[in-house]
Amino acid sequence: MAKLTVKDVDLKGKKVLVRVDFNVPLKDGVITNDNRITAALPTIKYIIEQGGRAILFSHLGRVKEEADKAGKSLAPVAADLAAKLGQDVVFPGVTRGAELEAAINALEDGQVLLVENTRYEDVDGKKESKNDPELGKYWASLGDGIFVNDAFGTAHRAHASNVGISANVEKAVAGFLLENEIAYIQEAVETPERPFVAILGGSKVSDKIGVIENLLEKADNVLIGGGMTYTFYKAQGIEIGNSLVEEDKLDVAKALLEKANGKLILPVDSKEANAFAGYTEVRDTEGEAVSEGFLGLDIGPKSIAKFDEALTGAKTVVWNGPMGVFENPDFQAGTIGVMDAIVKQPGVKSIIGGGDSAAAAINLGRADKFSWISTGGGASMELLEGKVLPGLAALTEK
């Protein structure tokens with residue numbers, strides 16, 4: 001990566017501004033999944049071990065009006081982070097003003113401060129989300145000229161707390177998490193060890209058009225599963241029963257199949273049910289066609305075997321999107337089968353592109369078997385599309 005990283009700058013005695021991604025799920029004020037906090041620890045620990053004073057910025061959820069602030073405070077995150085670091089985390093509970101400035105100026109080397117939810121600034125004219133220049137300049141003024149971006153999850157957005165601060169500091173550098181995310185995903189797509197197989201699932205073709213187009217050029221094979229299978233089926237005139245379909249994307253699906261030259265591998269059977277919820281019958285289809293009055297909710301056993309074969313010998317695998325409705329035990333065999341086929345390949349570099357696939361790997365007990373699980377759904381999708389991420393582009397060149 002041709003950008004400066006946190007290891008390239010002198011941090012001792014400096015007030016170091018850090019964009020982290022602490023956008024964690026909360027239920028009744030309790031954090032239900034703290035993976036993103038854990039993922040940021042190496043960078044935070046490195047800064048304080050080097051004698052820096054870490055000033056952390058993060059958003060949490062969406063805040064559009066004053067009433068939205070309730071339940072969106074980073075206070076529970078500050079407490080969780082303090083427990084993980086084994087030291088106090090200063091939390092003034094504001095995003096600007098004299099109280100925040102005084103708390104920052106009182107910091108000593110090795111201390112950590114967390115600014116309140118950056119999206120509180122969205123209540124008045126969406127200043128954070130629209131990258132208000134004055135806000136970026138103000139936040140930049142709170143530090144000593146060094147900004148560390150470690151929030152891969154928002155790297156595809158140009159906000160005041162990433163791009164805005166970057167534009168107003170002497171050095172904007174990547175943290176360890178951001179560096180790893182870029183290294184794993186970009187290298188997998190741009191300079192993969194071959195055979196390189198991509199697996200794309202999820203419900204909508206529309207979400208993945210750019211990704212499929214880019215990966216058809218880069219990968220040796222692209223396997224398709226999940227709900228978007230049925231849009232590809234219908235585009236070929238295959239019966240899909242009541243399965244999910246994007247009627248307005250049939251031409252796109254047809255064009256992708258024609259362009260693919262056999263690289264696009266579709267399922268050959270499905271697990272079908274007579275309703276999405278409250279079904280009374282679940283069965284495997286004979287072939288591709290889904291029965292009348294039924295809908296496909298997972299790939300079937302023949303497809304699992306076919307995908308297993310397509311993955312044999314793969315050296316690089318990128319997976320984004322489950323094969324079926326994996327939250328339901330009746331429809332998780334496809335996702336489990338594909339995960340197991342990936343991780344059993346000897347010497348494979350296996351990467352999960354965030355979102356539902358990451359949740360599936362974690363919930364189904366396979367997370368530790370993958371080389372890398374991305375922390376950013378949207379950002380990893382844009383990298384897989386070959387797009388330039390604004391948060392990354394704003395960093396200082398080496």
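Every residue, even glycine, has its Cβ placed from backbone N, Cα and C.
Some features that Swiss-Prot has for this protein:
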BINDING   D21, F22, N23, R36, H59, L60, G61, R62, R119, R157  substrate binding site
BINDING   K208, G296, E327, G354, G355, D356, S357  ATP binding site
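Least crowded of the binding-site residues (G61, G296, G354, G355), judged by neighbouring Cβ atoms within 10 Å of its own Cβ: G61. Nearest in space to S357 (ATP binding site), taking C-alpha to C-alpha distance over the binding-site residues N23, G61, R119, is N23. If you take the C-beta of H59 (substrate binding site) and look for same-chain residues 6 or more apart in sequence within under 8 angstroms, you find N23, N117, T118, R119, E128, T154, H159, S161. Largest CA to CA distance in the ATP binding set (K208, G296, E327, G354, G355, D356, S357): 24 Å, whole number. Long-range C-beta contacts of K208 (ATP binding site), restricted to its own chain and to partners at least six residues apart, with a cutoff below 8 Å, comprise L200, G202, M228, N320, G321, M381. For D356 (ATP binding site) paired with D21 (substrate binding site), the C-alpha to C-alpha distance reads 18 Å. G296 (ATP binding site) sits 36 Å from D21 (substrate binding site), counting Cα to Cα. Listed in sequence order, N363 are the same-chain residues at least 6 apart in sequence whose CB falls under 8 Å from the CB of E327 (ATP binding site). Working note on the binding-site residues D21, D356: by count of other C-beta atoms within 10 Å of each C-beta, D21 ranks first.
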